[in-house]
Structures are given as structure tokens and as C-alpha cells.
Amino acid sequence: SERVVLEDPRRILSDQTRPRGMTGGSEFSNSQLRPIQRRQSSWLGASIPAAGGGADDEEEAPRRRRFVARMRLGDLPSTLKGQLLILLVFAIVLVAAGSLALRFGISPSGGGTVTYSRGSYAESLWLSWGLFFDPGTQTGIEPDAHLDIKFVAALFSVTGFIFNLVVLGTVVDYVRKKLDQHRVLHSRIILNDHVLVLGWSDRTPFLLGELLEMTEGETDLKKIVVLGDLDKYEMIEQIRIAFPNDPRVRNIICRQGTTFEISDLRRASIASARVVIILGQDNLPRIADSQVITTVIAMQEFKDQMSASIIAEVRDVEKIKVLKDIEPNIVPVIAQHESLRVASLMALFPVLGNMFVDFMAFSGDEIYDVPVSAVGMVGKTFDIAVHHF
């Protein structure tokens, strides 16, 4: 009996991307490591020193720390923590400025600068806080108060009102994003007899176009569900670019998830799907086939509930036997081999090649195998049958 060992796709990726000369637990020498590290860091605009650099390391370390600090400060306004920190600093500065203006910058009704006692600064700070965060505080000022205190109260009330709107908008936007994220990641699709596409790659829009052509003549258009690791809105945007002004795109539902996670498969209603199509990712054949095999293994959780036809894209012929051992009813397809065969036929025998292209596409005329009894042609001659088509 043969033993099938499934490798972690992330481990395979690290093995494939490991520079030549490093295998298993071997280490790079300094002469090998230094050029690789400098090439990887060249896009950052700063050189990352290699091990054993000596004085060069001591000179580069402060520069690298300054560069990282500049990057962090530049990214601060784009994060929620950075935005809240900026708003907090802004509020502290304005409240402090308002308290100073109320203490030293206003005049009583009799004129002149007001001289406060030792505890009057706390009163000014409290009044400034009230004007800034509660615009209604200014209504407590007497109508015959001096003009400068009215000006300070109106200025800080308007500024505080705008500040509160900004804070409220930031909080509402954060809550809306969290709700949308929860809906996208955890909402379940309730469908029956739909087509489920597992995996997003550069071939997915082409496949969706063929599926839309397949359902073109049907009165009851079936839904097409796409489950991929790409963001939902990015998938929708790429579909709209591929099929502009096509109303059939409304029948495509996109969800972000992992194709070999049981919970994500359950959210896509895989148990009630009519057809399940598994696409390999756009990376090395070993990684793509490992992901397809892992997805098929995860689908065994729904084996007793599923009645769908399963089609899986593979790159390596040897993986077909592995898939057949896991799921006997699966249909493995090596799309690249079939495409090359058709391209060879078109080069050597153009008529035959074009015929196969028409057979492989759902656009145009199609050939269907129908039982004779279904069209009432039992016992009829060929001359009579040809007039019914």
C-alpha cells in the first residue's frame, strides 16, 4: 500500500522560496547572508546589515531605528489608535487654551483684566471643559456679560461641537466596519442547488463567464457562490471589471474564507450545492495541489449530506490517484494539459482544433445527448427525425 503524506502549504512555500544552498537546518555563512539581506531590504531605502558587520552594524543601527520611527509616525493617522490619540491631544490643547483665555484674556463688565484668586484656575478649567464638550454651557452666560467672554464662549462652543461630531463619526465608522466584517466573515448563505466555486485565482473570472453562459438558457437562473481568500469587495470589483454592464453578475455571491475550513464551507452551503468546483491557487504546483487535496479532505465532513458533482483542478498527474483515493466520485481535471492539447490541434489541424474549442465553451451552439424516448422518436426513421431539430 502507498502512503500519502500531505505537507503544509506554508512549509512547502518556505521550502520553495529558500535560497539555493540552504536545506533543512543548514545555516548561511556571512558571505552568503549579507547579499541576500541587502537585496531584501533595498526596497525599504535602508540597508539591513548582515551578521558580523562590526563597525558597520553600529553605524547602521541608529539610522535604521530612525527610519522605523518615521514609518510608524507616518502610519499613525491611518489607524484607529492614532486617530483617537490625535483627537485626545487636540482636545487637551483646546481645553487648556480655553481655560487660559478665560483666566487672563477676558475682562469684567467694568473693564480691565480680571485677577483671580489661587483656586480660580480650576474654575476656568471646568468652565472651559463645559464649553468645549457641552455647547449648551454658553447659555448660562448672562446677556449683559462682557463681549470678550461671549466671544470666547461662542468660539469654544462651536469648536467643541465640531470636535464631538468628529469623535462620533470616528466611533460610528469603527462600529460599522466591525459589523460589516462580522457579517462578511460569519454570515451564512442559505441556498439550494447552486454552483459553488472554491478558490480565487486569475482563472476564476473566466470560469464565472462560462458558468454564466451555461445558465443563460435556463428559466430559473441558479446562483453562483465564490469562496476565496481575497476580500469580498475586491472579488466583486474584479468581476464587475470582467463583465461590465452584465445584469447576470447579480447571480454571483462572493464570500471571503478559507476553502479548507469546515466552518467556511458550511457558511457557503456546500451540503446543498449542485456542483462544486475547486480551483488551485496561482502559485507553485505543489502548493496548489496540496491546497486542493486539503480542501477535498475538509469536504469529507459533509460527505453524507452532499450529492453534488465535484470537479477539482490539479497540476500534477500523480495527485489524481490521491484525490481518487480520498473521494472516488471526484473528477480531477488538468486544465493546462487539455489547453495545450487543443492549442496543438489548432496549430496542426485548425478545423479540428476550432471544433474542440466550440465544444469546450458554453457560448454559441451546444451538443446534448438526449434519450430517444424523451423526444418521441422511438420507431421513427432518420428522415423524419432530422426535421425535429
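A Cβ is built for glycine as well, from the same backbone N, Cα and C atoms used for every other residue.
Copied over from TrEMBL, here are the features:
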REGION    1-39  region 'Disordered'
COMPBIAS  1-13  compositional bias 'Basic and acidic residues'
COMPBIAS  26-39  compositional bias 'Polar residues'
TRANSMEM  84-106  transmembrane segment
TRANSMEM  151-175  transmembrane segment
DOMAIN    192-332  domain 'RCK N-terminal'
Mean of pLDDT values spanning the domain 'RCK N-terminal' (192-332): 88
The domain 'RCK N-terminal' (192-332): DSSP-derived helix, strand, coil residue counts: 63 helix, 25 strand, 53 coil
